[in-house]
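Q: One structure coming up, written as structure tokens, with questions to follow.
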Ligand code: OAD
């Protein structure tokens, strides 16, 4: 038989066939995603240099309560910039593939991302460990806070007590939302496979979840084109971009299985 020159004869990424098999065999899958899954949607990761006006800032210096208290206009402006960037972005094939996986398996999707792209791709019950970019809450609110109109370039303030509105994300030094953390840990302990996609694995407690899954018997798969801090925990590392790889790992709606 003559080989079809258009069809690759070997797997495009080492480990891909093994990952496919593990996913096919698993009944319940714990998925942890990070900024890398949205990179192919054009949303910069945290370790990427920031561009344009924000080039000289480090996200870790802006994403904290202390930074916000010191420079509320600057930090608020940065969040408005990020909201605009994400609003103009679209879910990519990796987000869509994970939404499709949930129709085939019991999937718990836990994300460190605040961009809402998993939900826009159709994933439901996403556990957002670091909050959501488009949510707001009050900093030191009086309990009866109500929005006052903001001056241009200024964050809104409560017209009753003057508290500042802040984005509903988890900043450095803050605790994770309790229910999200509890649900994520429970799923890590009870799923039979752990898939880690697009995270540097540097920020805790999120980065501890794959280790927890492994302690409870789940093989850990890491998908990341670059080395990450979770490679040591992984049973298998596939050095691939998520948007290119994930749609090849399980059947996608409207595509013939090969
Ligand atoms: P990072 O920016 O730390 O890491 C992004 C990871 O994605 C890197 O390891 C990249 O190699 C990888 N990557 C890049 N492109 C990719 C692609 N196409 N496919 C797959 N992987 C790709 O982002 P996170 O690990 O999510 O926390 O960062 C964790 C947390 O640190 C964030 O949630 C945020 C941050 O500071 C808070 O804001 C509390």
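Glycine is treated like the rest: Cβ placed from N, Cα and C.
Positions annotated as domain 'Deacetylase sirtuin-type' by TrEMBL: 8-258. Residues annotated as substrate binding site in TrEMBL: 79, 82. Residues annotated as NAD(+) binding site in TrEMBL: 112, 113, 114, 115, 198, 199, 200, 224, 225, 226, 242. As annotated by TrEMBL, active site, proton acceptor applies to 130. Annotation comment: TrEMBL describes 142, 145, 158, 161 as Zn(2+) binding site.
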Q: Let me know the DSSP-derived helix, strand or coil state of residue 142 (Zn(2+) binding site), please.
A: coil
Q: Considering Cα atoms only, can you say which of 112, 114, 198, 225 is the nearest neighbour of residue 142 (Zn(2+) binding site) among these binding-site residues?
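A: Closest candidate to residue 142 (Zn(2+) binding site), judged by Cα separation, is 114.
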Q: Rounded to the nearest angstrom, how far is the Cα of residue 161 (Zn(2+) binding site) from the Cα of residue 198 (NAD(+) binding site)?
A: 41
Q: Quick one: of the binding-site residues 112, 114, 145, 200, 242, which has its CA closest to the CA of residue 82 (substrate binding site)?
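A: If we rank 112, 114, 145, 200, 242 by Cα distance to residue 82 (substrate binding site), first place goes to 114.
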Q: Provide the number of Cβ atoms within 10 Å of the Cβ of residue 200 (NAD(+) binding site), excluding the reference atom itself.
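A: For residue 200 (NAD(+) binding site), the 10 Å Cβ neighbour count is 19.
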Q: On a C-alpha basis, identify the one among 79, 200, 225 that is nearest to residue 145 (Zn(2+) binding site); the candidates are the binding-site residues.
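A: With Cα distances computed to residue 145 (Zn(2+) binding site), the winner among 79, 200, 225 is 79.
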Q: Quick check: of the recorded positions listed here (79, 112, 130, 200, 242), which one has the Cα closest to that of residue 161 (Zn(2+) binding site)?
A: 79
